[in-house]
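Q: Before anything else, here's the structure in question.
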Amino acid sequence: MTNPIHIVGGGLAGSEAAWQIAQGGRRAVLHEMRPRRGTEAHQGEGLAELVCSNSFRSDDANGNAVGLLHQEMRSLNSLIMRAADANQVPAGGALAVDREGFSQAVTAALEEHPNVTILREEVAGLPPETWGSTILATGPLTSPALAEAVGALTGRDALAFFDAIAPIVHRDSIDMGKAWFQSRYDKAGPGGTGADYLNCPMDREQYEAFVAALIAGEKTTFKEWEATTPYFDGCLPIEVMAERGPETLRHGPMKPVGLTNPHNPTVKAYAIVQLRQDNALGTLFNMVGFQTKLRHAEQVRIFRTIPGLENAEFARLGGLHRNTYLDSPRLLDATLRLRARPQLRFAGQITGCEGYVESAAVGLMAGRYALAEAEGTTLAPLPPTTALGALIGHITGGHLEASEDAGANAPRSFQPMNVNFGLFPPLERMPRNETGKRLRGPEKAALKKRALTDRAREDLAAWIGGEDLPHAAE
């Protein structure tokens, strides 16, 4: 009997890796410590539990890098994308999911797969060498014992930062005499209608008082080691954004553009708080961009000053959780193996990707790399022109820059990253209009994104088919 491939961690990356291995005909053993041992952020014991937002972000495969990543993962039989599509809830142009239904779908698919064994146990340190090929997908909440073991093996400390969790509100406690349903610019998306967000308007006086309250509100106190731990810019607590300047929020999560208040259509709101459906029943809505480290009592007091939320009942209040990630360009090779111990691969947020979809995507590739290795074959390198290739390239070497002082392979500061078009190689030729004239402004940006996504689809199809890739060397 062939040796199984072990996966440690049953989050999005680990679940996707196990699925890819099992679908490839190899046995996968998935180790998940919950419910035997919980974490600071998880609520239940299901696999692929979403601990922060319920949004997979934009599903636009022509104009958005994460939407392109969705499409690429679907083309590679992603379990995470299959479960997301089956459990989508309205969210404008985004793909958002019923978090419980999503986790249940992933859990059921893996529990029922004949090639998957799920062991509910903690792997406290490094896996034994007798396991052979192993994928560590322990996520941002990697246990201290395992984090210390990895640090001891690599000789480098893992880096850490915080993610903050947004509150969830009961729909029936929102005052619809002040709030209204509308997606920004009335944009419909997967499962959406163009009226998928609840909007709560503020005038200037209300907004300024709200910002002042956020800044003055009592915050969660840090342990000594946490005091110097930075935040990831893509998930800043709302009060930290407020501290960056009085206009920051109304140009960020509270921007009022593309929305019209039907209760007072002639008056433009100064700022708008949006809430997004959080479950299939539509009974729960999360506050978009309102991740916070305010104390719970302060959250209730301050958030009830938002028009429409004066009597809000909270199903969950916001909080903080620690996120640990590797200095991956130094520590991992091109197939996500640990250079110091090639039996071990890493996947998910611990590698320095950021976001649900990105974590699952890295898990997908880690699973395929491990499967190919177990079968005695080698996967052709992913085209860097694809979303998958750009993301893996960023993690395993895209952040390297030559330096006379530090050597040719010295990485500059490595930070967690969402997939974005800045990670893609530039186009050989910029888009032009029908007359051949070079474009400028929004039209140029839209056509450039379409050209990048068209190129990615062409190159991924060639990679899947084993064809020569004309753009891979750009």
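Keep in mind that glycine also has a Cβ here, set from the backbone N, Cα and C atoms.
As annotated in Swiss-Prot:
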- G9, G10, G11, L12, A13, G14: FAD binding site (BINDING)
- 429-451: compositional bias 'Basic and acidic residues' (COMPBIAS)
- 425-451: region 'Disordered' (REGION)
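Quick one: where do these features end up spatially?
A: Its Cβ taken as reference, G11 (FAD binding site) is surrounded by 30 other Cβ atoms within 10 Å in the chains shown. G11 (FAD binding site) falls within neither a helix nor a strand when secondary structure is assigned with DSSP, and so counts as coil.
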Q: Kindly report the helix/strand/coil residue split of the region 'Disordered' (425-451) according to DSSP, in that order.
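A: In the region 'Disordered' (425-451), the DSSP-based counts are 11 helix, 2 strand, 14 coil.
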Q: What same-chain residues, at least 6 away in sequence, bring their CB to under 8 Å of the CB of G9 (FAD binding site)?
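A: Listed in sequence order, they are H31, E32, L136, A137, T138, G139, G348.
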Q: Would you mind listing, in sequence order, the residues at least six apart from G14 (FAD binding site) in the same chain with a Cβ closer than 8 Å to its Cβ?
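A: Expected: I7, V8, L30, E32, L47, I135, A137, T138, G139, A347, G348, G363.
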Q: Applying the rule Cβ within 8 Å of the centroid of the Cβ atoms of G9, G10, G11, L12, A13, G14, what extra residues of the same chain belong around the FAD site?
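A: Result: I7, S15, E16, A17, E32, L47, A48, A137, T138, G139, A347, G348, S359, G363.
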Q: Around the C-beta of G10 (FAD binding site), how many further C-beta atoms are within 10 angstroms, looking at every protein chain?
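A: G10 (FAD binding site): 29 neighbouring Cβ atoms within 10 Å.
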Q: What count of other C-beta atoms do you get within 10 angstroms of the C-beta of L12 (FAD binding site), across all chains shown?
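A: Here the count is 35.
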